[in-house]
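Features as listed in Swiss-Prot:
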BINDING   Leu73, Gly104, Leu123, Ser124, Ala125, Leu126, Thr127, Leu128  S-adenosyl-L-methionine binding site
Amino acid sequence: MRLRLIAVGSRMPKWVEEGWHEYAKRLPAELSLELVEIPLNTRGKNADVARFIRQEGEAMLAKVGPNERIVTLEVHGKPWSTEQLAVELDRWRLDSRTVNFMVGGPEGLAPEVCARADQRWSLSALTLPHPLVRILIGEQLYRAWTVLSGHPYHK
């Protein structure tokens, strides 16, 4: 089963890349964790932000196959505990479809992306920096896997 983080933004600091890769490599081969970066449109003073969000959303959805699962990361999504995420991860493994976690740009996700969501997940009611969100998602997916496999990392 493939897990993919499709995120708007690229050229992250080295510590973000290192953190992401650390958790991605810890997962077993049958649970591959991939990162797909969507270029962020440059926002200027008179930028058409609505158009940029729409373009970024189209680019995100173009990376998703017709039968793949979409989980959007939204402040108004459902908060999951580690144990609840482990239950979801187990369901996704049984379903065996690719799971795409969608993280929008500074203004959030395009409505078209949200409309395609199978599930909506909230990491926190706090506003989190997008570089940190990448690492959090990787770590939480790894932690959920350790819960399912009885690995001592979670304790």
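Positions of Cβ are set from backbone N, Cα and C atoms, glycine also.
Keep in mind that this is a model prediction, so the values were computed, not measured.
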Those binding-site residues listed as Leu73, Leu123, Ala125, Leu128, and which of them has the most Cβ atoms within 10 Å of its own Cβ: Leu73
Listed binding-site residues (Ser124, Thr127), ranked by Cβ neighbours within 10 Å, top entry: Ser124
Same-chain residues at least 6 apart in sequence whose Cβ lies under 8 Å from Gly104 (S-adenosyl-L-methionine binding site): Val8, Ile53, Glu56, Gly57, Met60, Leu73, Ala110, Val113
Nonlocal residues around Leu126 (S-adenosyl-L-methionine binding site), in sequence order (Cβ under 8 Å, 6 or more apart): none
